[in-house]
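Trainee: One structure, as C-alpha cells, below. Some questions next.
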Amino acid sequence: MYLGFEQVALVGQVFESFVLEHHKNEIAQILTEKEEHAHYSLVVNAMTLFEANMEIGEYFNAFPNEVLPVFDNALRCAAMSFLQSCSEKYTFLMKQNLHARITGLPVCPELTREHIPRTRDVGHFLSVTGTVIRTSLVKVLEYEQDFMCNKCKHVVTVKADFEQHYTFKPPIACSNEEGCNSTKFTCLSDSSSPASCRDYQEIKIQEQVQRLSVGSIPRSMIVVLEDDLVDSCKSGDDITVYGVVMQRWKPLYIDMRCDLEIVLKANYISVNNEQPCGVVINEEVRKEYEDFWVKYRNNPLEGRNEILASLCPQVFGMFVVKLAVAMVLAGGVQRIDSAGTRVRGESHLLLVGDPGTGKSQFLKYAAKITPRSVLTAGIGSTSAGLTVTAVKDSGEWNLEAGALVLADGGLCCIDEFNSIKEHDRTSIHEAMEQQTISVAKAGLVCKLNTRTTILAATNPKGQYDPDESISVNVALASPLLSRFDLVLVLLDTKNEDWDRIISSFILESKGCPRKSDKLWSMEKMKTYFCLIKNLQPKMSQDANVILVRYYQLQRQSSCRNAARTTIRLLESLIRLAEAHARIMYRDVVTTEDAITVVSIMESSMQGGALLGGVNALHTSFPENPREQYRLQCELLLDKLGLQKLLEEELQRLERQQSEDSLESDLGESATNLVGHKVVHSECVMEETFSTFEASSLPDETHLGVTGSAAFIQTPKKTISDMTKSDDTIRKGTITPAEQNRGISTDAESSLKQGNAQPLAGGHLSENNLTKCTDNSLGWFDTLQSIQMSPITKQREGCTAEKLQQEVLPVSTESSCHPADKKVVNLGGRNKLEVLQASGSSPGGNGRDLSNHTVTCGSSPERNKRDLSNHIVTEHVSKKWRRINKDSLCGKNVPSFQPQSENTDSAPVCSSVPLHSTPDVAQRRKRIIAQVEKQSKAEVEDPDTKARLAQLAKFSFKRHSKLVHSPAGDTDTASNAQKHDHPVQKITLSEKLNNLGRTVNNVDKSSNSVNGSKQQKHVENTSKQTVITQKSNFESNTLNAPVHETKLNEGCDSRKVSSSTLAKLARFSFSPPPENQAAETSKETLILPRAVAPGSKRKCFELNPSTDKTTMSSKSLFSTTDLDDEELDVDWEAEIKGNQRIAT
C-alpha cells in the first residue's frame, strides 16, 4: 500500500506551513551558509509535529519510507518561500540538499526501544539506544544511474536498491509513452565519474550492558548513515538512533541460501555522552543537596560519612575502602599544563584482598551508580578485548572498540585483575596514564580516547606476606602498580570479634531486612556523583604545603618504593584531594581534604612513610568524625612539622564545635519553650517566655526567682566529664582564681561549658525544693557533689500559685534585701556570684549549713512580695569561705562517704514521683508537718535538754596517724567560733538535725574497727551507689520520671533518739585502715557505662563510646580494638539485666 497523490500533497502542505511557523530562524541560518552543495539538516520534534496535525502522525507511522522524502521536498519548498518573502535576498543563498531530521518520539513501546529490533519491526520508524562498538570507513555511494534506450533514445533514471546493498537493476523495457518496447539500454553514467553520489558509512551498535538482565548477552545490529550523518559518532559513544528498520540481502544465486539481515537506516543520531543516562539534574535537585550540606555545615565530616554509609550498604564497615571508592568515583580535575600536555583527572584504584572480603561487591555497585561503565573479568579479557581489535568485514578491515574504549568518560571495572596474561596487561599502560590507545593494525593507524577510571580487584599470590613488597605478593609489575593512585590491602586475619559482628550483620539482613531511612537510595547516589563532576575545585595554599611536604617525606623515606615515589605520587595526591573536595561539595581544596588524603595514602600500600600500612578491611565508621579528624591532624601535621597549620586547624575545629553546640542548645531550648506553651496556662506561658529570654544565652548560668517560679539552669554533663571533675576535686587541683571566687571545680566547669539546659522545663525540681527547706545552701552543694544530673519533666497541672507556695519555704528565712544582690564578672561573662559554705559536722562534710544561716527579720508576706523580681543570694563570712576552700582542697577534712551524703540529703518523701498530683503534694506537706511536731516535742523534753548540754562539751581527740579524722572539723569549728562573726540564730530543730547527722556518721565510723565487715559494707555500699547512678542515668536518658533510691530507709536524719545521745558520751573513735580508705575512695569513682538509647544496633559499635575516638599509636582510623561487651548482641539478656537493676 502506498500513499496517493492527495495524501502526498496534504502531507507536503502541512509540513511546509509547520516549518515556516516553528523553524523560521533555522531556515534563515541555513540559507546564510556559503556552501551551496553541502547537506544541511533541520531537526523537527515529532511530538510538536503530531500535535499540530494528528493525520500527519498516522501517515508517518504507517509509511515512513514514503513520508520522509515528502518532508525533504516540503522543506525545500519552505526555504524557497522564505527566500522569496525576504526583502534582503542578496544575503541568502538557496540550498538544494536539505533534510528533515525527526527526533523526540513519544516514549512508548511502539516507538522507543532499548533493545535491538526484531523482524516484526521491519518498516517502522523507531528510536534505538545503544553503544557504538565499530565504525567503518566513509565510502562514496552512487544512489542513482541514468539508462538510455538504444531504440528511441529515452532516458530512464534508476535508483539503487537499498534492500540489495545498493545495487542497480537495469529496466526491463522502455517506459516511453510513444510505445517503444525496446529492452536494450546503455548506462550513461561512467564508473570513473558518477553523476549522483553521497557519503555512506556503516556503524555497529550494541545494547547497553547496564540495561540488560544478568546473564543476557548483548546483541548488535548495523546502522546505515548517509549524507551529513556520516562521522557523527565514534567507537564507544552512547547514541540514540532514529530511523526506519529495514531488511537487506545480497544478490541471489542458485543453490545458495539467502543471507538476510536487519539494519536500521538512520534519519537522525543523538550522542548521549555528555548527558547522563536516566539522571535529571535541575534546580530542585541542586537545592536538595545544598540543603543537606547546610544542615552539616558545622560538622561536614558527619555528612560525608552519611554518604559513605550509603555506598555499597550491603557490606559492613570497611570505612577506608568506601572512602577510597567514593573519591575514585568523584574523580579529579583534568587540566592541560604549560607544555600542552593533558594531565589526567581520573584516579585508579586497586583492591588487593583475600577471597570473600567484598571486592567484587564494590565493583558491581560502582558500575551501577556510574552512568557509563563497563564490568569485565580478567580471566576472559585479552589485549584486544580491553583496547581495540581489527576485524575484517565485507573485504575490508574495521576497528572494534574494547572495554577501555567503550568506557571512555566513565568507569571500567576489572575483576580478577591478576588473571590477565602478562603481555596483555602491558597493553593497558598507555590507557591508564596517557588515556589514549594508539593502534597500528591491518594498515589502520589511529588513536582512540580511553578517558576512564579503572577500578580493579585482585587476589594475592598465595598467602599474603607482609614482609614482601606488594609487587611480589600480587605478581604485578611495578610500572603497572605505579599507575594506580591507591592500592588497598584487605587481609582476612583471624579476629573472633570481627567474625561475630559480620555473621550477625549477614543473618539480620537475611532474616528481617529493613532499609534505613538515613541511607541514600541508589538513584540519589547516582545523581549526586553526576552532579559533583561539574565542580572544578582549586587548590589552596595550605593544601599545597601539606601535600608537597608529604611528597618530600615519601621521597626521603628509607623504605620507599622507587617506582612509586615519583612525580606520579604528587599528581595522585592532588587528584584525590580534588576528589574529596568534590565529595564535600566544595570548589576549594582545604586543609581538611589534604589531611584526609594523606590519611588514606598512609593506609594504602603506596604510602606508609609516616606510620606504615593499615589493614583496611577491619576499619570501622568513627563514632565522632570530628574527634578522629582532630587526632589525624595532631598526628600527621606533627610528623610533617607543620605546627602553625595544626594550631589554625584546631582553632577552626573549636569554632565549629562551639557553633554546633550553640545551635543544638538553641534547638533544645526552643523545644522546651514549645512544651511549656502546651502545658502551662497563658499567664505562666508569659513568665516562662520572659525567663527563657533571660536564660537562653549559653554562657550564663542563672539562679533566681522570677515572678512566682524558680529557675535553675543546670549544665548537661557526660559520664566522662563528671568522672574528670570528681577526680579534680579529690586531687585538690583547683586554680587560685577559682579559690578566690569560692566556686567549686564542677560549678566553674559548668559555667564555662555553656551548653546549659533549663532543669525540669525551667522550674526547680521537687527534690531540690525539699533540700532547700532547711535554709541552707543545699542547692549549691548538689551542684558540687552531683554525679548524674537528671532532667525532670514539668508536672502536669502545675500553676503559678502552686509553684509560688513550693518556692516560699526557700525564701522565707534567706537574705532577700536588694542590697544583698551582687553580680560579678567570671571569665569575661556576667555570672551570679555563688558563695558556698562548709559546715563543721563530720558526717555532713560541709553539706549542712543550717547552724550558720543568716535569717531575715521580715515576715513571710513581705518575702513573698519582694521575691517577685529579685535574685536570691546567701552571704556568709570570709572564714566560712576559707573553710570551704580547705574542704575542696582536702586539707584536714574528714573523708566523705557516698552513703552518708545520700542519707543526709534524702528527704522524708523523696520517693514520691516528680509528676505527682496535687493530692500527693498535700499529703507530703502533712507528713513533713507531723515530723516537725514530733521533733519539737522531743526538744521540749527536759531529759533531752540535759543530754544536749552534755553533748555541747563533747569533743573528739585528734589521732596523729589518721588521714580522715573528725578532729579537723572540731578545730575548724573552734576556729570559726573565735572568728569575729555576727551571732547567728540557731534553733533546736536545726541542732537536732546536725546532731543526727553526726551520730549517723559516728555509728558508721565505729563499725570500721572490724576490717572484714567494713570491707564488705563498703563494697555493698559502692555497688548500691553504682546501681543508683546507673538507674538514675537510664531514667534520665529515657526522659522518664526520676525516682531517688533510699540507701538507708530505716535511718531518719531528722530524729535522734535519747538512747543514741546517751551513747555519745562514752563513744571512742577508732580509725579505719589507710589502705581501706584508699580502696573505698577508689571504688566510689567507678561509674557505670552508659548505653545510649536509640535503634542503632549495638554490634555495629566497633569502638568504645568515649568522648574521644580511641586509636592506637600508629593508626589513623578506627581499627579492630574491639570490646566484647559492646559486640554482644544478646539483647534479651541485656533487657533482663536492665530490669533487675531498675527494680
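Cβ atoms here come from the backbone N, Cα and C positions, even for glycine.
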Trainee: Region 'Disordered' per Swiss-Prot sits at which of 181-201, 895-915, 916-936, 1042-1062?
Mentor: 895-915
Trainee: Would you mind pulling the DSSP three-state label for PRO355 (ATP binding site)?
Mentor: coil
Trainee: Sequence gap of 6 or more, C-beta under 8 Å: which same-chain residues meet both conditions with respect to ASP354 (ATP binding site)?
Mentor: ASN459, PRO460, TYR464, LEU490, LEU491, ASP492
Trainee: Using a 10 Å radius around each Cβ and counting other Cβ atoms from all shown chains, which of the binding-site residues GLY356, GLY358 yields the largest count?
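Mentor: Neighbour-count leader: GLY358.
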Trainee: Please identify which of GLY353, PRO355 has the densest Cβ environment, defined as other Cβ atoms within 10 Å, among these binding-site residues.
Mentor: GLY353
Trainee: Counting across all protein chains shown, how many other Cβ atoms sit within 10 Å of the Cβ of SER360 (ATP binding site)?
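Mentor: Cβ-Cβ neighbours of SER360 (ATP binding site) within 10 Å number 17.
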Trainee: Can you count the other CB atoms that lie within 10 A of the CB of THR357 (ATP binding site)?
Mentor: 22
Trainee: Starting from the Cβ centroid of GLY353, ASP354, PRO355, GLY356, THR357, GLY358, LYS359, SER360, the recorded ATP site, name every other residue in that chain with its Cβ within 8 Å, sequence order please.
Mentor: LEU351, ALA457, ASN459, LEU490, ASP492
Trainee: Does anything in the same chain, at least 6 positions from LYS359 (ATP binding site), have a Cβ under 8 Å from its Cβ, and if so what?
Mentor: LEU351, GLY353, ASP415, ALA457, LEU490
